[in-house]
Amino acid sequence: MSIPIGPAGGAGPRPAPKKPVGGDKDVEWASWVLVGLAIATVVTLAVLASSGFGSTGQATTQASTSSGQAVTDGDTVTQQVSIEGMLFAPNTVEIPAGSTLVLEITNNDSQNHDLALNGINTGLISPGDTVTQDFGVFDESTAGWCTVAGHKAMGMTFDVTVTGATDTVTAGGTNTAAVDVPGAGARSVDHEGFTPVDPVLAPAPAPTGTVHEYDWNITEEVRQIAPGHEQVVWLFDGQAPGPTLRGKLGDTFRITLHNKGTMSHSIDFHAGEVNPDTNMAQIPVGESLTYEFVADRYGVWMYHCATAPMSLHIANGMFGAVIIDPPADSADVLSDVDEEYLLVASEMFLGEREVGADAQRVNDRDYDLTAFNFYPNQYDLAPIEHKVGDTVRVWLMNVGPDQSLSFHVVGEVFDTVFSEGRYLIRDAGTRGTGSQAVDVSVAQGAFVELTFNAPGSYAFVNHQMTDAEKGQHGFFTVTD
Ligand SMILES: [Cu+2]
C-alpha cells in the first residue's frame, strides 16, 4: 500500500488542509504537514524549471493554473493532477472556451477516488494508478468532484474555469434537502418495523487469556433508523452499534473484516496498541483484513471505521465498544450487580433512502436526532424493567461524531462512577454523597452504578437537554 501524502502547498487557492485519515494520529498529521511542505518545494522548483517549455516542442502556453503543467496543443489542454489525501492538486484549471480538457490523474492516496466532471466519470482510480481521461469540450465554467461518499464535503472538488465565460461555478455547498424529521410525538409512540437493540451486556467468558475470534462482514444496507424512516447504513457484522467485544485483561481479540460494501472501509480499535499503518489500513471492496490486539488495559473503548471522512462513516453506523474487565484480584474489581447495560450515544443524520447520512450535513454538524444504540428514544418505546432494590451498572460509550454526553438518571444518584481509567467515586452513598451526571466526551467511555430504592419511571437522559429531546432519552421502569 502506498504511503498517504498530505495536502501539498503551492497549488494556488486551496481549501484549508483538514485533519486527514488515520485514526487519532496527530503525529502522522504532523508528518503530513512536513511532507506537504516538501512537496510544495518540489512543485515550485518543477514549475520554475518547466516555465516556457512545452512537451510537444511546438508553441505552447501554460494554462493559468498556479501549479502543475497544463499544456495546450491546438484545442486540447492537458493537465496533470495528483490526488493527495482528500484533495486534487491542483484543484483548478483555466482553459479557453471551446477547448477540450484532458486530465492525467494519479492517485497518491491510500483509498480509491474518482472524478466526475462535465458529465464524465473516470471510474474508481486505485491507489498508485494513473488514469488519462478526456473530459470533452468546455463552453462554460464547470465544477467536478470525487463521488466517493463524503469526499466532496471534505473538499475534494475540481473547478474548470473557462476564460471569457461570465459565470463561475464552484463545487461547494450543495446541501441535500433535509428529509422529514419525526417529531417528538412520533418518536415516543409505538410504530411498525421497530426492534429495540438489546441493551443488556453479557458477561466476559470465564477464563482469562481467552482468544476471541470474529469474522465480520462490512455491509451497506437499508435499515429503519427512526420512526417511519429507512435509509442506507454502513454496518460491522450487520448491526449498529457493531458487536460488543467483552473480555478480560490479557485476552486476545482477532477480528477479520470482509469488505462487502461499495467503498473502502477500515477499523480502529482504541483498545489496541498496534501499528496503525497495517491494522487500520484501508480495506478495498472485496478484500479482507485481520486486526489482532491483546487487551492490556481495562475499561470501555471505542472502535470505529477509520476511513475518511470518519465523521460520515461513524454517522452511518460504523462504531462499537470493547469492554475489558478489571482483574478479579485487583482493588478495581467490578462490584456484583443485578444487571449490566451498554448505551452507545451518537447523533443521527437522516438522509435519503439510498444515500444515508448527507456528508455535507455531517460536516456542518447539522444532525436531526440523537440516540442511545442508534435509534432515537428506543428505550422509551421498550423501557428497561427492574425491581425495587436492584443495582445496575450502565456502561457508556459516546461515539459522537461531535456532541458530548452528560448522562443523568432522573430520580437517581450514582453511587459509583468509573471514567477513562479510574473510579471518580465508589460506593459514595456510604459517605453521604454521590454523582448526578457523568461527562462523556466523544470517544470516551464510563460506567455508573445505581440502586433503585422505590418504584417508578426513571428517565435516563443526556442532560444536554436538547439532545435528550432529540432522542437520547429512555426509561428504567421499576416495580415492587
Ligand atoms: Cu467505513
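Every residue, even glycine, has its Cβ placed from backbone N, Cα and C.
Whatever TrEMBL says is automated annotation, not expert-curated.
The feature region 'Disordered' is assigned by TrEMBL to 1-23.
Residue counts for the domain 'Plastocyanin-like' (219-328) under DSSP, split into helix (H, G, I), strand (E, B) and coil, are 10 helix, 53 strand, 47 coil. What TrEMBL records for 219-328 is domain 'Plastocyanin-like'.
The C-beta environment of His304 (Cu cation binding site), restricted to residues of the same chain at least 6 apart in sequence and closer than 8 Å, consists of Ile267, Asp268, Met310, His313, Ile314, Met318, Phe319, Gly320, Val399. Summarising the annotation, TrEMBL assigns Cu cation binding site to His265, His270, His304, Cys305, His313, Met318, His463.
The 6 Å Cβ screen around ligand 1 retains nothing from the binding-site residues His270, His304, His463.
By the criterion of other Cβ atoms within 10 Å of the residue's own Cβ, the least surrounded of the binding-site residues His265, His313, His463 is His463.
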